[in-house]
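Swiss-Prot lists 1-21 with the feature signal peptide, giving sequence analysis as the kind of evidence. What Swiss-Prot records for Cys28-Cys55, Cys35-Cys49, Cys39-Cys56 is disulfide bond.
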Amino acid sequence: MKLLYLFLAILLAIEEPVISGKHHILRCMGNSGICRASCKKNEQPYLYCRNYQHCCLQSYMRISISGEEENTDWSYEKQWPRLP
């Protein structure tokens, strides 16, 4: 019987306590997105996370696939060509 109590004590010490209502949020794309089974209305799915869920990014996020940091200056001159 003592062995059973010792086994239960060790098992409870190893297990992480379960806290209801709190879920670990898995982040993706350099902490810009959230891994979800389905994206919200204002989010776009982009690639997949480690748990095969969608990496959901806000629709206004710009993604550079070249790996280089882009200049994100949104001035008027850079958006439209100059008129002669």
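First residue shown is number 1, and so on along the chain.
Cβ coordinates come from backbone N, Cα and C, glycine included.
The disulfide-bonded residues listed here are Cys35, Cys55; among them, Cys55 has the most other Cβ atoms within 10 Å of its own Cβ. Comparing the Cα of Cys39 (disulfide bond) with the Cα of every entry in Cys28, Cys49, Cys55, these being the disulfide-bonded residues, the smallest distance points to Cys55. Over all protein chains present, the Cβ of Cys49 (disulfide bond) has 17 other Cβ atoms lying within 10 Å. Contacts of Cys28 (disulfide bond) defined by a Cβ separation under 8 A and a same-chain sequence distance of 6+ are given as Ile34, Cys35, Leu47, Cys49, Cys55, in order along the sequence.
In sequence order, Gly33, Ile34, Cys35, Arg36, Cys39, Lys40, Glu43, Gln44, Pro45, Tyr46 are the residues near Cys56 (disulfide bond), counting only same-chain partners six or more apart with C-beta under 8 A. Taking all protein chains in view, 19 other C-beta atoms sit within 10 angstroms of the C-beta of Cys39 (disulfide bond).
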